[in-house]
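**Q** Below you'll find the structure I mean.
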Amino acid sequence: HLLQFGDLIDKIAGRSGFWYYGFYGCYCGLGGRGRPQDATDRCCFVHDCC
């Protein structure tokens, strides 16, 4: 699902989801723990929960 999410970012934002968000905050990318840092990180957290 992570690769699909990256493809969605590529199509919507016009930038590489992996390179821009692969290591962003606590939840964007592989794994995740702690409290989301901001709205973007919260979006990744919500995606991880589905």
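Quick reminder: no glycine exception, Cβ is built from N, Cα and C everywhere.
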**Q** Can you tell which of Cys28, Cys50 is bonded to Cys44 by a disulfide, based on Swiss-Prot?
**A** Cys28
**Q** Which single residue out of Asp7, Asp48 does Swiss-Prot record at the Ca(2+) site shared with Tyr27, Gly29, Gly31?
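**A** So the Ca(2+) site in Swiss-Prot includes Tyr27, Gly29, Gly31 plus, from the candidates Asp7, Asp48, Asp48.
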**Q** Please work out the number of neighbouring Cβ atoms within 10 Å of the Cβ of His47 (active site), leaving out its own Cβ.
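**A** Step by step: centre on the Cβ of His47 (active site), count other Cβ atoms within 10 Å, giving 16.
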**Q** Among the binding-site residues listed here, Gly29, Gly31, whose Cβ has the fewest other Cβ atoms inside 10 Å?
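**A** Sparsest of the binding-site residues Gly29, Gly31 by Cβ contacts within 10 Å: Gly31.
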**Q** List, in sequence order, the same-chain residues at least six positions removed whose CB sits under 8 Å from that of Asp48 (Ca(2+) binding site)?
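**A** In sequence order, Tyr27, Gly32 meet the Cβ cut-off.
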**Q** Other than its own, how many Cβ atoms are within 10 Å of the Cβ belonging to Tyr27 (Ca(2+) binding site)?
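**A** For Tyr27 (Ca(2+) binding site), the count of other Cβ atoms within 10 Å is 24.
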**Q** If you count Cβ atoms within 10 Å of each one, which of the disulfide-bonded residues Cys28, Cys44 comes out on top?
**A** Cys28
